[in-house]
Amino acid sequence: MLDIQLLRKDLDGVAQRLADRGYTLDVAAFSALEAERRAIQTRTEELQARRNSLSKQIGAMKGKGEDTSAVMAEVGGIGDEMKAGEAKLGEIQARLSDLMLGMPNVAHESVPVGKDEADNVEARRWGTPRQFDFEVKDHVDVGTPLGLDFETGAKLAGARFTMLRGSIARLHRALAQFMIDTHTLQHGYTETYTPYIVNPEILYGTGQLPKFADDMFRVEKGGEENKVTQYLISTSEISLTNTVRESIVDASALPIKLTAHSPCFRSEAGSYGRDTRGMIRQHQFDKVEMVQVVAPEASYAALDEMVGHAEAILQKLGLPYRVITLCTGDMGFSAAKTFDLEVWLPAQNTYREISSCSNTEAFQARRMQARFRNAQGKPELVHTLNGSGLAVGRTLVAVLENYQNADGSVTVPEALRPYMGGIERIDAPAQAS
């Protein structure tokens, strides 16, 4: 959530910055609500002053034995008006809160202004795409003989679900273990196991609700009278970031660096018809997430560090990639600045997103009321960052395509062999005669 003081000081400036993100701020609605709020607060202050004056007058009159009934009646009327004003103020503040909850974060000044992904800016590349001396297959054709089972996944749960078997399932698990070990043993993160089902207020904290309810899988339990609504997480960023919800941490505890391997559940409501083949876009997929909670002055250094941690995974796996700075129109709702990592997929002859690393500054912290005690001993909002380190399924796709061989086998990257029992190559299971 944005700082409402920012809007009060420079409403037109904030409106322009939000317009750069493709969001139209209802300036008239905000201004009208603010005018009502100020009018009620001014009237309340006047009534409070009048009531205090009358209270003193009543005391003096009683001391003289004078009749105070008329003055007391006026005091009662003031109380009724103040109570009505308080109720009206609560209504206005609720409407302001709803308006604020729908506003995305404002972009950092270093973010390129643009409309969509066509305006993103490439920052750098690593690695050289492999030159194949045979016809390259995509991950579906490579993986199906080795244990990718789309047919059974669809039979069990419908479209965009996949079953993994045998060595492919083991390779998928090896990738997640390798990522977690790298982040915990080399990058300083604490491994965390989190709930996969969370309460609605948790999603308000990280910005998925109220705007993106249709992208979430909802879980309901209980009857009509005691129904409880919860949600499956779309990323473990949600549960990791909310660990500091409604708390004040000591400055000495920062930075907090957490990582988790979890399934992620997304309805992909706005992705009908996109990436329908294979594992690129799934309703259920695994991801290793990185989250950092830091002091405000450290957040952009932390963002660069987090991008480097995601890059390290790709480099250790020998997968070519590029780093993209997202423009204002392509960033996620909560982000102030985002870098995407895109891995090379030879069958598509292009780079595809495999990680997204974002600094949300105080946007999520304000929604969560997550604070730290600064050097002056005063509570101050933390900054929160999140990044994929990496999406496990898409990394599996990249390994299958980049490490495929002409005979249909797949070479296991050296970094994964300790997690695969020393296996250097995955071959299709022998067919029974």
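Note that Cβ sites are derived from N, Cα and C of the backbone, with glycine treated the same way.
Here the structure is a predicted model, which means the values were calculated and not measured.
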According to Swiss-Prot, Thr235, Ser236, Glu237, Glu289 bind L-serine; which of Ser110, Ser167, Ser388, Ser409 is also listed for that site?
Ser388
Taking Cα atoms as reference points, rank the binding-site residues Arg266, Ser267, Ser356 by distance from Ser388 (L-serine binding site) and give the first.
Ser356
How many Å separate the Cα atoms of Arg266 (ATP binding site) and Ser236 (L-serine binding site)?
12
In terms of DSSP three-state secondary structure, what is the assignment for Ser388 (L-serine binding site)?
strand
Rounded to a whole angstrom, what is the C-alpha distance between Thr235 (L-serine binding site) and Ser355 (ATP binding site)?
12
